[in-house]
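Student: Right, I'll just put the structure down here and ask away after.
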């Protein structure tokens with residue numbers, strides 16, 4: 001079951017626009033993640049696919065058929081909600097059976113499908129319990145079992161893990177991923193968590209500011225972000241974005257953050273003013289005396305196998321650098337910051353400028 | 001006599017809470033300290049006084065009177081034991097009152113709940129102008145019993161009333177709304193339901209709106225029809241409120257007095273002579289205080305039994 005969005009638009013009262021011109025294709029069996037900060041319209045988009053919210057303009061297609069006017073139940077999909085939407089007065093078993101009973105399937109069929117679904121999510125022994133007698137992760141699994149039991153080939157999930165603690169989130173992430181692979185579900189998954197998006201998705205749609213920023217595979221989005229927003233949204237710690245100028249004497253030469261750092265490119269710098277994106281692991285930091293230094297340390301965070309160094313360049317720009325192992329910089333210590341080979345370039349509108357050669361820097 | 005329940009209720013929870021420690025201990029010391037006990041009584045005093053004067057004393061006095069014969073000013077004269085009760089429960093007249101009260105109370109409770117549920121279900125939909133309907137549906141809450149009675153007396157009036165006009169217009173036989181024994185009961189039930197509906201509607205609407213919308217969304221995705229959702233989501237989810245409303249309506253029904261007094265005065269031929277109205281007439285018209293006291297106690301027991309039954313039967317079906 002494939003899903004397509006064609007120029008989908010949504011506004012409320014013909015005024016407040018929440019989504020503009022969203023287009024995407026989701027293939028059968030694909031794990032598709034919609035990610036963006038809160039308020040970007042990602043849940044609205046999911047609800048429009050489900051048929052819970054009417055679309056203002058454009059088309060939603062399921063299996064190449066326009067379903068704009070079909071009610072939710074006719075779209076043959078299931079949805080898992082952030083608060084799980086469990087019926088507190090029913091047992092786990094009855095919760096899973098709810099939709100099947102509503103559709104008046106025969107008793108043995110319901111029995112079989114519910115038992116099978118509970119088995120899939122390892123909840124068989126809890127089937128007689130009420131939702132309030134379950135932990136958060138178990139409740140989440142009941143919601144998953146409901147999706148499994150419905151036999152629909154499309155599953156929509158709206159921030160299903162955000163009510164769980166960090167440990168459980170990692171565990172459930174794997175369970176959802178395994179379930180999706182095992183059942184061959186076409187899964188559209190909404191989250192604000194970039195880690196969830198990166199770890200589970202076949203394709204990611206990044207939404208911000210009512211617009212689709214980029215659609216691509218996780219590695220594509222990380223390595224070739226379409227703009228500064230996408231670059232900043234993915235990767236922890238956040239990417240450093242620094243102002244840069246083409247040198248007036250040599251058009252291969254780039255001065256970054258006033259003239260704190262200088263690099264030479266393999267080709268001419270295409271525009272006079274631009275912004276450079278440097279992942280924290282692409283920054284090198286070394287101890288130096290105050291004459292040679294171009295930055296001072298603010299503080300460091302030791303994470304075990306690596307250390308994050310927060311520093312301020314002489315130009316006043318703040319940077320984050322990830323150094324492997326343990327380094328002991330003190331606050332206000334002068335340091336020398338240099339740049340590795342993988343850089344991203346953005347114009348002043350924040351759009352990425354692609355250069356013809358991948359490795360752009362003379363070390 | 002009053003001392004023991006008061007001290008018990010204040011010390012037991014503290015004393016039994018022995019999981020900790022200093023705070024609890026010093027607080028139980030507080031209650032054991034003789035001088036502080038004195039303070040406790042000062043604080044409890046006003047409410048005990050008010051309850052004593054207006055609740056405990058009348059209750060005990062009623063019980064006492066019901067075991068005597070009384071003179072016309074309500075003074076007890078001869079101790080007769082349970083004779084008042086035996087007389088009542090063997091009197092066809094009293095049993096009739098009991099029966100009509102049952103019919104009235106059960107009908108009023110059932111119809112109020114069902115109509116309240118239907119109206120609340122309509123009004124819980126997010127539609128344009130729904131606020132107007134919500135206000136209209138709950139408007140009877142602001143109407144006093146006397147106004148309601150007069151209002152409905154106009155409607156039921158045999159010559160100029162709205163219902164009579166409608167019957168004439170449709171060439172239907174005229175109904176003696178307040179003069180026919182059967183229809184008088186119907187008229188009283190209609191008026192009571194109308195009076196109750198505003199409150200019931202508002203409480204049920206509030207309960208319905210607190211049901212998470214995702215439950216309905218999940219159900220509609222899974223193919224549940226609105227009707228299925230009403231019976232399998234809404235009603236179970238608001239069952240504690242339904243339970244509450246049904247008990248309140250039932251008790252209010254048993255206590256119904258003003259409406260009866262204004263509309264039918266218990267008539268015609270005792271067809272609407274409810275228990276409370278009867279107590280009033282026995283005590284203040286006939287001066288039979290002893291019998292009225294016995295009736296009061298029987299009514300108390302009946303209400304208690306009904307409430308217990310509701311708790312037993314409904315509690316199993318209520319989800320808290």
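Yeah, the Cβs are placed from backbone N, Cα and C, and that goes for glycine too.
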Student: I'm validating the feature mapping. Which of B:183-207, B:258-282 is tagged transmembrane segment in TrEMBL?
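Tutor: Result: B:183-207 is the stretch TrEMBL calls transmembrane segment.
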Student: Please give the sequence-distant neighbours of the transmembrane segment (B:64-86): residues at least 6 beyond its ends with Cβ less than 8 Å from one of its Cβ atoms.
Tutor: 287-291, 293-294, 296-298
Student: Give residue numbers and ranges for long-range contacts of the transmembrane segment (B:98-120): same chain, 6 or more residues beyond its ends, CB-CB under 8 A.
Tutor: 137, 185, 188-189, 192-193, 196-197, 200-201, 203-205, 207-208, 235, 242, 245-246, 249-250, 253-254, 256, 270-275
Student: Do any residues, 6 or more residues outside the transmembrane segment (B:228-251), come within under 8 Å Cβ-to-Cβ of it, and if so which ones?
Tutor: 105, 108-109, 112-113, 116-117, 121, 196, 200, 203-204, 206-208, 211, 215-216, 219-220, 303, 306-307, 310, 314-315, 317-320
